[in-house]
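Q: Here's the feature list from TrEMBL:
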TRANSMEM  66-86  transmembrane segment
TRANSMEM  98-127  transmembrane segment
TRANSMEM  139-161  transmembrane segment
TRANSMEM  181-203  transmembrane segment
TRANSMEM  232-252  transmembrane segment
TRANSMEM  313-335  transmembrane segment
TRANSMEM  356-378  transmembrane segment
TRANSMEM  384-402  transmembrane segment
TRANSMEM  414-445  transmembrane segment
Amino acid sequence: MATNVVNPCDGETVEDKQDRGVPVAILAAARANLLFRARWAEVNGALGDLGTYIPIIMALALAKDLDLGTTLVFTGVYNIITGVIYGVPMPVQPMKSIAAVAISTASFGVPEIMAAGICTSAVVFLLGATRLMELAYKFIPLPVVRGIQLAQGLSFAMTAVKYVRYDQDLAKGKASGDRHWMGLDGLVLAIAATVFVVIVNGAGEAAEQGREEQVIHEQGGERRRVKPWRKVIFSVPSAVLVFVLGIILAIIREPGVVKELKAGPSRIHVVKISKHAWKEGFIKGAVPQLPLSVLNSVIAVCKLTTDLFPDKVASATSVSITVGLMNLVGCWFGAMPCCHGAGGLAGQYKFGGRSGACVALLGAAKLTVGLVLGGSLLRLLVEFPVGLLGVLLLFAGVELAMAARDMSSKAESFVMLICAAVSLVGSSAALGFVCGIVVHVLVVLRRLLTTDRNT
């Protein structure tokens, strides 16, 4: 009779080995996903998305009393989990359409915000669980996706320029006048930070060699050593230095904020959502957010992940499910509705993020600060120079927009630009998507008719 014993010394069967092998394989995959690809580059990349994250959470905390401590704790956990799962700098960003409605509508409070996040995430989760999102990912034409990415990237870049040029009232989401040239949040400071980032990071292609620490590389058939001064420049953590400078300037602008910091986390409680809040949250928040979540938070993220990390897999199904689960848990406790975003991924990649360790490190920092300081951190962030946040957001937006450079024909570029133009002017990714699909179909039909005539 055959036996399943593999080794008489340990007495383990094949089934025992296999059962033990599953968790071992999972731990090995998680360890590989959290492996730092470069020293400072991953730390630098972790801060590449703060230009989007900080202004929105500040605005919601100031205008709607969103609990900053709770949001930091939950988004920190989200960052760590997504880093472990995907092994790429998969971002955790605020749901921007819901945030915009909340800031601009006086009656749209925390219960409505949470209801909108739960409704949006429930739909996205169902689309992922039923694999309908995977079908959308496969059949949506690439020029349309690139148009959405281009529009989102340019939107980020234009918002960044406004942050740099004008003083901002983030609680109202409006500019409050021209920014002064001099001062701790002046134009000179923002321009100097921009020049510094361009010198260090360039357009990204040269810095890639330095961050991967390729001391020897092939060029023209000859082995040439990278010059030491170039290696030093490429290894400078530009985003880290800009952020640290911002913290220092915030304390200088208002030294009293240090005394206002209080130890201890925020009290976490379940948000009570009335029937009216569910209705308002769904109609005013979830309906306009859904197209943006589907197109930018899932479809565009998966496309960009494939572009930047060909050896990594981020399926539309898995991304939809993680977006859904994040908010189906966190929103009940008052955490800001979140999603993934192509802009955040592009920003973290731009500044050096290459693995899940990048976002896991950011998540650990958020979690620690949320537990240690809680909501009292808001007072410090209010003094943070908005111009420097604009600098970080500018490069994240440009990096996302540059994903559209791979259009190989005039017809593809035409569809992409129509889609991007409508998305920008109409401020609606859904409208741009519909127009892009229609134009794409018309271009294909015209090509088929022309081909038939010629034959």
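Every residue gets a Cβ built from N, Cα and C, even glycine.
What TrEMBL says about a protein is an automatic prediction, not a curated fact.
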Q: Is it true that the transmembrane segment (181-203) and the transmembrane segment (66-86) have 3 or more Cβ pairs under 8 Å, skipping pairs fewer than 6 apart in sequence?
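A: No, the stretches stay apart by this measure.
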Q: Which residues of the chain, 6 or more past the ends of the transmembrane segment (139-161), have a CB below 8 A from one of its CBs?
A: 51-52, 295-296, 299-300, 303-304, 342-343, 346, 390-394, 396-404, 406-407, 412-413, 415-421, 423-424, 429, 432-433, 436-437, 440
Q: Grab the same-chain neighbours of the transmembrane segment (356-378) for me: Cβ-Cβ under 8 Å, and only residues 6 or more beyond its ends, written as numbers and ranges.
A: 33-37, 42-43, 45-47, 49, 58, 61-62, 67-73, 75-92, 260-266, 348
Q: Is the transmembrane segment (98-127) in contact with the transmembrane segment (313-335), using at least 3 Cβ pairs under 8 Å (sequence separation of 6 or more) as the test?
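A: Counting Cβ pairs under 8 Å, at least 3, so yes.
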